[in-house]
Structures are given as structure tokens and as C-alpha cells.
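Have a look at the structure below before the remarks.
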Amino acid sequence: MEKVCTVVWLRRDLRLEDNPALCAAARLGNVVPVYIWCPDEEKQFHPGRVSRWWLKESLTHLDASLRSLGVSLVMRKAKNTLATLLEIVKSAGAKQVFFNHLYDPISLVRDRDVKQGLLQNGIHVQSFNGDLLYEPWEVLDEDGKPFTFFERYWHKFLSMPFEPESPLLPPRRLSSMTETITSCTPEELGLEDEMEKSSNALLARAWSPGWSNADRALQTFLAGPLLEFSRNRYKIDGPTTSLLSPHMHFGEISVRKVYHSVRRLQLLWAKDGSNLGEESIYFFMRSIGFREYSRYLIFNFPFTHERSLLSNLKSFPWRVDESLFKAWRQGRTGYPLVDAGMRELWATGWLHNRVRVIVSSFCVKFLQLPWRWGMKYFWDTLLDADLESDVLGWQYISGSLPDGHELDRMDNPQTEGYKHDPDGEYVRQWLPELVRLPTEWIHHPWDAPPAVLRAAGVELGSNYPRPIVEIAAARERLQQAVAKMWEQEAALNAAGIACDRETSDVNKEVKVSAPTSAFKQAMKLGSGPLSSRVSVHDQMVPNCTNQPGLRVEYPLEGTKYLQFPKLFQSTAPEVRNISHLTESSSSPKRDVCKRKEPPLVWVPAIPHRPTLEFGLFPNVGETAGDLRKHLLALQKSKTQAKQVEEEPYIAGVDWQRRTKPRAKA
């Protein structure tokens, strides 16, 4: 039988194990693995410095692994992905291209165009699910519509009639003709410039990119921190979380591998009667569910990276203030825990989940800056920046989701500081100017007596800023903004101006239009139109990247485009007379019932525990279906019990579940 040559187009699936596209190609014959770096196609979501460092290291690791199997990774820097793929297909004599699905709007549009272009040139194209346990079009309500409440989505997820597939083994050997194809080295891709190398060298001390290192990180977490995950997930210093978020974003480890590994451990702890282990797995499995939900949400509502899911927020008067945004970014707000978090983010590209919640809540609630500004800055600076997870987290914090934070909820950073950093060690680590300040005043130095400040060497307004906003004033301003939003909403309704025909009245259950069969087919097969509208009244988002020549373009009323060129020293938006700009959305409105669950995404910490051997888990006889039934029963018992409301998180895996009783509509 003649061997078929297949080009495998790799993106965020940089692994050998459980890579459906790679495994399918290996079974058919020769394989040409390809990675194309096309920064122009990323638009405003061009990866930041630390993400590009991780990508470079991951590609180097994958290339070495592929060479050990008999092939090399073809790497190209290109202006157009389709043209580059066609060139590689021709050079290799390939007849087909395989790749794994991505679900963010930018990738969906690109994948559709690439698929159509390849098919028009007579190239067979096939795509696979390599990123989710269930495809977004598989988990729908009884009417065939997508869920907008996580709790309902998660219940349906656990009740699915078929199990997620088991992870695939890596190929034993690969054959290819890559010697005849020109390729770049990771250095030639331009992912890292000379000015960034000194800063990036520090990252290598704490992180080990690469698919085999991702597997070791998982085994380390299973062997240690997972057992006490339910107790320790709020600790902001220490190895309490999974360390998996950057690995999962770049596809160095699959969610199926994580899911089934945790399931096996759940069986062992259930047999041993470990209540602590059961509770920890309960929270961690919900974290996996929220990662799934982030992709589910952005697939079914592809405008959510630009606009709020709730349409009533179109009238919210966000503050377009460059100086406040700059103070928040630089960690100069005058609130120690917020400032410590923002300085850690800039220095390391990393934040614990609780700190992400606190700094993001301060941004959108205390400063009333548009949530898209904060989301974009996180995208530019986080090591584990993930568009789908960032959208879910920031929309949750800003009150933009039906089951998100109340819009008028505010979390006092002083109170949060003593709750999560009671001894002030985290603040002292990142704010050396406060290192001698007594713990009594560490989270509110403005209240400290002058003698205490002098003894600690703290001069407010000089070496440490005074608060840029008073808590009481911020609370009053937020209440006024919410009232103004509802007044404008009522005025629009009275004038007969419909904001969104997809939604019902704000006091009724959220209703959304079901995706048409043509839409779902376009997403699955890569055909048909796809667009993501930007309202002419949407707030501007600063371009925080350091990539020369990139522009962020948003249609603005009265002009063809409003462009924001590269900002070298400041990542704040260009100051313009845009006080009229408000949040825009065409999406479901809020249900008046209390929100039940905060989103969880992946927020690991660096564990220092011995690794777990692969053969640790014996086959104890129970089926995966029994495990899912057990988790579903545990989920129901947790839901029915009296709950306490929980804080959310922005882009990681560890959130605590605390909910208020649902109010009657």
C-alpha cells in the first residue's frame, strides 16, 4: 500500500502524546510536522514577551522530540499562513493537511480561510478535537441551545451519555521527507529579541516548557498538592496549585490526559475513604469544567472577547482614564496587595489566582476602567495568557455574565490583604519600600501613625503613593454608575430602541438563539461566513504589545478606522474626546437570580515535590462511567448544601466555590 504524505499543521498542540492530528497522520504514512509563526494574523492578540519566550522553548523541545522519532519540525515565519502551507505541501508532495481545532474567533476565521484555500487547490483537509473533552456543539440544552450558566452546563457535562476519549499514546516512529523542505530555527522565528533575553533568562529558573516537562508537572501535582487542594488553593505563597496553565495553553499536555489521570486518583481515594481527597478532586474537576466552559462560551458567543455577554452593560459609563490605567499597571495605586500583585505580574509574568481576582476587581470596580483594558494587559503580560480563559474571567469579574459577580459588588483590597496575606510577607516581597512596616499597618499604610511611618522609612506620596481612590468614594461612584446605566437602559426601552433581539427582558430567564445548523457546520468543517462585530460605540483598548508595526483597529462612528499604533513607553490608550463611548453588547441579559458559580481557570503554582511514577495507578475495576456518576452525585450534594459566596479568578485553574442562595425572580 502506497504511503500518503500528510502535513500536520501544529498550533497550540505542541506535544507528541494525545495529539489526534499527528497520530492520524502517522498511521497513514509520511508526516511533515509544521509550525507557522504568523504574527500579522494575530492582530491585537499578538503574544506578549513571556508567552513568546515559552513558545520558543516549547518549539525547541518539540523539535528535539520529533528528531528522536525520525523527523524534524518545519518552522516558518510567514506573512500568510495559507500561502506558506501551500508552498510546504507542494515541496513535500503531500496530499492532505491535518490539524487540531481551536475555538477563539481569530483562529476560527483563519482556519475557515485556510481550509477553503486548501480544498480549492485539491488538498484534502481534516481537523480533530485535541483541546476539549466535548466539542462545543455536543453540550446543549433540551432545546438545542447553548448554556449561559456554568452550573447548568456542568450538570449536562457530567450527564453526557458517552465518555471523553482516552488519551492517545505518542507515535513510536515517524517517517518523512522534511530534509528537502526549508525551515527556520526557533531563533530565526523572531520570538525573542536581544533586549528581552536577559529578562527571559530569569523565567528559565522557575519554568520548564515542553510536553515531557508538562507531564512531569502533572505527576508532581497529583503526588503532592492535589490532596490538600481544597484547603490550600487560597494560599498566595507556596506550591498549592497545579502548574499546568501555560502547559495547557500551548497544548503541551492535553485536557484528556489531565482528566483521566485525576479520575484514576479519585478511584483510589474513594476506596480509601479520603474525604479531603474527594473534596479536593471535586474542586479541581470543576476547574477542568471551567476551562471547557471558557472555550464553549467564546465559540457560541464569538463576540465576547470584544463585548460583554450581557446586553444591558452597553450603557455602563466606563471611565476612559489613561492616568488611572497607568497607575494600576505600574503597581502605584496606594493599595499594597494590588500593587504587589501588579509588580509581580510585570516581573515574572505570573500571579496567583486570588491576586488576579483582587487586582482585576480593583481595575473594573474601584477604577471603573473598561474590563477589556485589563484583559488585554493580562494577555500581554501573563505567561499563561489564554484568550478564552481571560474572557471568561474578566467578564465574570466585571459582572458581564449571567452568573458572574454582581455589578455593584466591591472587594475591599485591605480586607482581602489580611485574609490572604495575614502576615504581609507577600506584600513585603514585592514592595521593598514597605518591608519595615509593621504587619498591623501593612495593608493600609495610610492609617499608620506618622511615627510608625518614619521608623519604617515610608513617606506616603514620595517613596510609596497615597491611595489613588478612596474606598468610600469608589463605592459611591460605582453605585451612581449602575444607576445611570439602568436609567439609560430604561430610556432606550421607552424610546423603542431594541438593544438585542436575542435576549429576553432583564427580569426573565436568559434566552439565546440556538446556533443554526449552518453555523455549527461552518465551525466544524471550516466553511461558511464568520464575523465578529465591533460596535461603533465600543470602548477603545490599548495596544500593550511591543511588536513594531502592529495596529489595533476598531470601527468608530464617523470614520473608517480608529488606529492605535505601537506604544513604546506607555501601554495606556491614546487620550481622545471619547467620553460618549460605552460598553456595547448583543447578548443575553442578566437573570435577576443570584449567581451560583464563579468561573475557574488554570492558575498553577510551582510545586517542589517528588514526581509520581507512571505505573502508580492500578486497574481497580470500576468503569469511567461509575466515576462520572460518583462525581455527579457529589456535585448535587454540594449544590444542595448551604453555600458561602466565593471570590472569582481571572485566568487559571483554582477558584473556591462559594455561592449565595438563588433569589427568586
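Using N, Cα and C of the backbone, Cβ positions are placed for all residues, glycine too.
Curation plays no part in TrEMBL annotations; they are all automatic predictions.
The structure displayed is predicted, hence computed values, not measured ones.
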Matching residue for the FAD site, where TrEMBL names Thr241, Ser242, Leu243, Leu244, Ser245, Asp384, Ala385, Asp386 - out of Phe284, Phe290, Phe299: Phe284
Between Trp371 (site 'Electron transfer via tryptophanyl radical') and Asp386 (FAD binding site): CA-CA distance (Å): 16
Shortest C-alpha distance to Trp318 (site 'Electron transfer via tryptophanyl radical') - which of the binding-site residues Thr241, Leu243, Ser245, Asp384: Asp384
Overall pLDDT for the domain 'Photolyase/cryptochrome alpha/beta' (4-133), taken as the rounded mean: 95
Nearest-integer angstrom distance between the alpha carbons (Cα) of Ser245 (FAD binding site) and Trp394 (site 'Electron transfer via tryptophanyl radical'): 17
Which recorded positions sit within 10 Å of Trp371 (site 'Electron transfer via tryptophanyl radical') - Cα, from Thr241, Leu243, Asp384, Trp394: Trp394
Among Thr241, Leu243, Asp384, which are recorded as binding-site residues, the nearest neighbour of Trp394 (site 'Electron transfer via tryptophanyl radical') by Cα: Asp384
